[in-house]
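**Student:** The following feature annotations were taken from TrEMBL:
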TRANSMEM  287-309  transmembrane segment
TRANSMEM  372-391  transmembrane segment
DOMAIN    653-818  domain 'SSD'
TRANSMEM  687-711  transmembrane segment
TRANSMEM  717-740  transmembrane segment
TRANSMEM  760-787  transmembrane segment
TRANSMEM  793-818  transmembrane segment
TRANSMEM  868-888  transmembrane segment
TRANSMEM  1094-1114  transmembrane segment
TRANSMEM  1121-1141  transmembrane segment
TRANSMEM  1147-1167  transmembrane segment
TRANSMEM  1188-1212  transmembrane segment
TRANSMEM  1224-1247  transmembrane segment
Amino acid sequence: TPYILLPPSLHWTLHSIRKEVLTSAQHEPGYCSFYEDCGLNPAVEGALIPPRVPCKDYRKAVNVTGDHYELFKSVCPMFAHGEGNTLACCSIRQLTALQSSLTLSKAVLIRCPSCADNFAHIHCATTCSPNQSQILKITKTANITQPTGIVKEAVVGYEAYISTNFSDASFRSCKNVRIPATGGYAIATMCGRYGSTLCTPQRWLDFQGDSSNGLAPLDINFKLLSDGQTAGLPPGAVLFADKALNCNETTPTGGEACSCQDCEQSCPAVPQPPPLPKPFMIGRLDGVLVISITIFSCIFFLIMCYVVLECTTHIRKSKGTQKSKSTRDQNENEIEHKISPKDVTCSDKASLATQEFLGSLFQTWGTIMARYPLIVLPVCLVVVLVFAVGIKDIELTTDPVQLWSAPESRAMREKAFHDAHFDPFYRTNQLILTAPDQPSHYYDSLLFGEQNFSGIISKDLIIELLELQQKIQAIEFWSDDLNRTASLKDVCYAPLNPDNPSLTDCAVNSLPQYFQNSIDNLNAKANMTELGVTKEVDWRDHFIYCVNSPLSFKDITALGMSCMADYGGPVFPFLAVGGYENEGYITAEALILTFSLNNYARTDVKFKVAEEWERRFLKIVQEYQKNPNTNFTFAYMAERSLEDEINRTTAEDIPIFMISYAVIFLYIAVALGEYSSCKRILVDSKFLVGLGGILVVGCSVIASMGFYAWIGFPSSLIILQVVPFLVLAVGADNIFIFVLEYQRDMRRPGETREEHIGRVLGNVAPSMLLCSLSECVCFFLGALSTMPAVKSFALYAALAVFMDFILQMTAFVALLSLDARRQDANRCEIACCVTVETPRPSEPNQGILLPLMKKYYAPALLNPVSRVLVMVVFLAMFFACVFLLFHLKVGLNQELAMPSDSYMLDYFEYLYKYFEVGVPTYFITTKGFNFTSEEGINAVCSSVGCDQFSFTQKIRYATEYPERSYMAIPASSWVDDYIDWLNPGSKCCRIYTAGPNKDEFCPANETGLFTCAKKCMSIPENGVLRPTSRFMAYHTPLVNSQEFTGALEKARELAHNITLTMRNVTGTPQDFEVFPYTVTYVYYEQYLTIVNEGLFNIAVCLIPTFVVCCILLGMDLRSGFLNLLTIVMITVDTVGVMTLWGIDFNAVALINLVTAVGISVEFVSHLTRSFALSIRPTKVERAKEATANMGSAVFAGVAMTNLPGIVVLAFAKAQLIQIFFFRLNLVITLLGLVHGLVFLPVLLSFLGMYSCLNVQSLYTWCSIPKKGGIKHVRTRVGSMKDENFYF
C-alpha cells in the first residue's frame, strides 16, 4: 500500500483512532498480545539463562502444526488439543526460550509432577494461551534491533490476571516439595527473601516475575483476584482460572501423584506412635514406693512381734531364775555331765575343722616368715621386680572410644564398617562467638523492609571474625612426618577437591563465607530501584537473602553476589549463626566458625600433622582470647580437646592423689604405735611398719601392672587412680588387724618372738584370707564385663589384691618380725643405734579405741532399745533407697569429664545454648541390596512413584514426632538426587550427540546448543524414572547423655524397622541390614545396657563373697547369708544416695560400685567371722565382743584409713574425681562404716548362728539351743571322734 502524505493534524487524528481501536481490541478471546521472539531483554544483565523476550504483536492465535505442535505439546501439554485443533500465541523460538526458562525451576519441582505441571501451566498460560490478550496487559516495552537491522517493539513487562483459586492450589501443590540434598523445601529457593516459612502464593509468583532473580526474562506483575471479582480488571480482561492439580493427583500426561515427602495429601494414614509407658502407679502413688512401704511395714510388724515375744520370755525367765538348775554342787564344784554328739551340728564340726586347719597352717607359715626375714624380703623384692619389668612396655589407653566401648560392641562394628566404606567423620575445630555488649540496630532494606539486626551481626565484627579466620587459615609449621612445611590444606576436609586441595578448597563454614571471605564483597554497595523506589543495597541485603537461600549462586540485589562459600559448597545458616528463634537469623546472638579436618587413622602420618595443626589452632585462639582489644566473648574447641583436657587433669591431679596417700601413710604410721610413755615414742612408733605396709600396697599394684603389661593387656589412667586406693583400703585393714592383734596379745611363757608372730598370724590370717579371696574372685569374675575400662580395672584389681595378700603373708610378716626385734631391744625407729632404758610395759597395750568401744559403744549399741531402733532405721533407709534406686539417672554428661577450670565447659555451655541443630546421623545399608532393580529403588527413594513406606519415607514419618524419635530433618537421599539428575526434564544428565566424544557423558560446562542435545534417559510413559549407601538425616538438638542415649535407641528402632521392610524386596539376603551411625553413638551405646551390665557385675561380685564366707567358716550358711545381706544393703543404699546427691550411673560409677563391694567385704566379713568364732554365752555378748575387738580394728584400719585420703580428693580439679571418687567413695566408706559397726552387730545379735567352738583353749563357754530355752554349759572340747563330750 503506497504511503499517502497527509497533513500532520490529520495524521495524528488517524493515529489516535488506531490506538483506540488497538486498546479496545487488546482483551478479546482468540487474540495474542505478543508473538515471536524479539531478542534479549536489554534491561536484564547477568541472568543465568538468556533473557529472551517476545515482540509486541496484537494478532489472532496461531494454529500450530508439525514440529511446532510437537514442541508445543512437550512444553505446554495442558493447552494441546491435537494437531490442527490447537491454537497458541507462541512461536517455536518462544517455546524454546520458555522450555529453557522452565528447565531450571522444574529441576527442583520434578519430584512432584503435579506441582511441576501447575508451575508450567502458569507460564504456558501467559506465554502461549490462545486467549492471551484476555489474561494479561502489556505494561512496558523496549525497542530491540533485530539481526536484519529492523527495530521491533519488544515486551519487557506485563500484568497477568490470575484466579486465586488457581494460584492457591498451585502453591499448595508445591509448598512441601523438598530438595533431598539439603533437606529443605524447594519453595524456599523460589520465593526470594521470604524463604519457605513466609512464602505465600503472591510472593511466590512475584519472585517468578522478577527479572532481577536471574531466571525471569522480563517483569511480570501477577495480580491475584478472587473469582467473580472485576475491580482492577481492564475492560474485556478475564481471570485465568483453569483447574490446578492437587499434589496427590496424577497429571494428564500420565505423571504419578507426588510422594508423601513432597505432598501431605499423598501420605498414608500413619499410626501415631504408641503412648509412652505410664509410670508404675498404685492408685495415685508411685508403685515402687507403695511396695517398699508395704514390705517395710510388714517387717516392722514382725520386729515388734519379736520384741514383745522377747520381753515376755525375759519376764518368765526372771520369775524362774531361782528355780533354775545350777551348774555347781553345794561345795561349788563343777557338775560333770555328758552331752550327746548329736547336739553338736555338722556346721560346728566343719567350722572347727576349718579353723583348726587354717589356723595351724598360717601359724606355721608365719613362724617361718618371721624367723627368716632377711631371706624373705629380698626374695619378695626379686619377685616384684620380675613382674615390674613389664611396666616398660605398658600401654595406656587414653582414647575415650577405646576406653568405654568394647571392640566387639555393635557401635564399634558399625563405626568400623562406616569408616571402611566411607571416610571417617571429619575432625571438628570450632569457635562460638558472642558480643553481648553490642547494641542491636535497625536497617530499612529496600527489598526486605525494616529489619532489626542483633549486635553481633555488624560489619565491624564480621570483619574481625574474618581476620581471625584468615589468621587461622594461614597456620604453617614444619612437619617431620611429611618432611616439609605443613598447612591447613594438607589435612583439611575438601569435599570438592579432595586429591589436591588449595587453601580455598578447605571446608570452612562461617558467616564471612557468604561473601566468599572477601572484604571487598563485604564493603560492596549498589543503588537499586524497586517498585519505583531507589535506595542503596549493601552487605545486609545480601546476608538476609543468603541465609534464606543458601544454595543461590546469585542474590536478587543489585550486588549480584553468590551465596556459596569459596570452597564451592553452601553454608547453611545453622552452621554460621546461632541463638535465634523461628529462623530469625538476623537476630542471632552468636557467630559460628568451623574448620573441618580429615579424620585420619592414628597410624597415618597425617594424624600427627592434624593434631599439630589443632594444637596451633588452640594456641592462636587462646592468645586471641587474652587480647584486651578482642570484641568477642567466645568458647572454642578442637577435636583433640577432650583427650587433652582429660590427660591434663589427670596429670594435675596426681599430686592430689599423692597427698591423699601421704595422709593415709601418716595416719597408719601414727595409729599403729603403742605409745606407753613419752620416752618410748620413737621405740613404740610404727613409721617403718606403716611405710612397709604402703610399700606392700605399691608393690602389689606395680606387680599387677607389670604382669598385664608383660602379656600385652592395656591399662588406663583410671586404673592408676582407683586400684591403689582399693588395695590400700584392703591392705590397711589387714595391717591394722594383724598389728593390733599382735600388740594386744601377750607372749606366752617359753614362746619365742617368731612363734608369737606365727600364732597371732594363725588367729587373724583366716579372716584376712576370707576378705582377700572374696575380693579376688569378685574382681576376676567382674572381668567378664564387656566394657574395656571395667574389664581392665577388674583384672588389675584382682591381681593387685591377690599380690597384696601374698606380700602381707610374706614381706610384711618379715618386716613386722624385724620391727619386733628392734622394739624388744628398745632401739629407736629412726636412729636404730640409739637405745632407750625405759622398759617395755608388761601388760599389752590396748590403745584408746578398744577400751572405748568395749566399755561405752558396744553396750550402748546392743541394749534392747537401741537394737530395735537400729533395725527399724536401717530397714527404713534400705527401702527408701530401693525406691530411689528406680529413679537413678543413667549416663555421663561429657562436660563432667572435664576439669572444673577447662575451657571445654564454656564450649559445652555455648553449644547447648546457641546451636539450633543436632548431630547428623547416617542410615547405612550393608551389602546385598539390589539398587539396580525398580523394586529396589522404590523401596529406598521418596520421590514420586516410590513406596509409601520406603526407606527415606519412614525416616520422614519419624521427623513428624521429633520429641519421640529425636529426628529433626528427613534423610537426604542420593537415590532421589540421582533420579532428579537423570530426569530428562532437567539439563543435568546429557550425552554428546556429535564430535569425538559422541555417546559419552557431557559435563555441565558444555554450553553448545546442539552438541549435547541427547538426554541420558528418555521420558518414560508414566513419568517415573528408575536408574539402575549412606543417607544423612539430622537429630534434634541433644543436650545431655539421656537424650543422646534416647536418640541412639530410637534411631536403631527405626533402622531395624526399615531393615525388616527392605528384606522383603526380591533378591535381598536375610543378613542385609540398615543401621544408624554418628560419632556420638560409640560413647553412648554403653548406657543402653549398663543397667543389666551393672546388675551382672555386682551379682558376680556378691556371689563369691557368700560362697567364700560359707566355706571358710565351715559351711556356716547363716553367717554367709547375713554377711551377704549386709553387703547388699550397703550397695543398695549407696545407689540410693547417688540419686539424692545427683551422681548418675555410668561405667565410672559401676567401677566404684564394684569397689564398694570389695570395701564392704572389709567392713563386714571380719566382724562376721569374729562373731562366728566368739565363745560368749549369748548372741548379744558375742556381738559385743566382735564389735569391740574386731570393730575397733576395722574402724581404725578401713574407715580412718580411707576417710582422710577421700577428703583430700575434694580438692581435685577433675569433676569426675570430685563426683565419682570423692563423693561416691565418701558415701561408700560412711555407709560401709555404719552398716559394719552399727547394723551388722545388731543383726547378728538377732539372727546370728549359735556356736560351740574354741580353737584357743580346751574350755569354753558355749551356747546351744535346747528345748525350753538356752543352756549355758562349761564344755570340754575333745576330739570329734569321741563318743561323749564332758561338761
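We count from 1, first residue shown onward.
Backbone N, Cα and C define each Cβ position, glycine as well.
How about a rundown of where these features are and what they're close to?
**Tutor:** Outside the transmembrane segment (287-309), and at least 6 residues removed from its termini, the chain residues within Cβ reach (under 8 Å) are 279-281, 864, 868, 871-872, 875-876, 879-880, 882-883, 886, 1246.
Listed by sequence, the residues of this chain that lie at least six past the ends of the transmembrane segment (372-391) yet keep a Cβ under 8 A from its Cβ atoms are 699, 702-711, 803, 807, 810-811, 813-815, 817-818.
Taking Cβ pairs closer than 8 Å, the transmembrane segment (687-711) reaches residues 380, 383-384, 387-395, 661, 664-665, 668-670, 672, 719, 723-724, 727-728, 731-732, 735, 739, 792, 795-797, 799-801, 803-804, 806-808, 811-812, 815-816, 819, 829-830 in its own chain, all 6 or more past its ends.
For the transmembrane segment (793-818), same-chain residues at least 6 beyond its ends with a Cβ under 8 Å from one of its own Cβ atoms are 362, 365-366, 369-374, 376-377, 379-381, 384, 387, 688-689, 692-693, 696-697, 699-701, 703-705, 707-708, 713, 715-716, 718-719, 722-723, 726-727, 730-731, 734-735, 738-739, 742, 753-754, 757, 761, 765, 768-769, 772-773, 775-783, 785, 1097, 1151, 1154-1155, 1158.
Panel annotation: around the transmembrane segment (1147-1167), residues 404, 718, 722, 725-726, 729-730, 733, 737, 767, 770-771, 774-775, 778-779, 782, 787, 789-790, 793-794, 797, 801, 892, 1086, 1090, 1093-1094, 1097-1098, 1101-1102, 1105, 1109, 1123, 1126-1127, 1130-1131, 1134-1135, 1138, 1186-1187, 1190-1191, 1193-1194, 1197-1199, 1202, 1216, 1220-1221, 1224-1225, 1228-1229, 1232-1233, 1235-1237, 1240-1241, 1244 of the same chain, lying at least six beyond its termini, place a Cβ under 8 Å from a Cβ of the stretch.
Counting only same-chain residues 6+ beyond the ends of the transmembrane segment (1188-1212), those with a CB under 8 A from a CB of the stretch are 653, 656-657, 659-661, 663-664, 667-668, 671, 725, 728-729, 732-737, 740-741, 767, 847, 849-850, 853-854, 857-858, 1159, 1162-1163, 1166-1167, 1169-1170, 1218, 1221-1222, 1225-1226, 1229, 1232-1233, 1236-1237, 1241.
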**Student:** In terms of Cβ proximity under 8 Å, which residues at least six beyond the ends of the transmembrane segment (717-740) contact it?
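**Tutor:** Same-chain contacts beyond the ends: 396, 398, 403, 646-647, 650, 657, 660-661, 664, 668, 671-672, 686, 689-690, 693-694, 696-698, 700-701, 704-705, 760-761, 764, 767-768, 771-772, 775, 789, 792-793, 796-797, 800-801, 804-805, 808, 812, 816, 847, 850, 1148, 1151-1152, 1155, 1158-1159, 1162, 1166, 1190, 1192-1194, 1196-1198, 1201-1202, 1205, 1217, 1221, 1225.
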**Student:** Let me check one thing: do the transmembrane segment (1094-1114) and the transmembrane segment (760-787) come into contact, meaning three or more Cβ pairs under 8 Å with sequence separation of at least 6?
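**Tutor:** These two segments touch.
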**Student:** To what whole number does the mean pLDDT across the domain 'SSD' (653-818) round?
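**Tutor:** Mean per-residue confidence for the domain 'SSD' (653-818): 83 out of 100.
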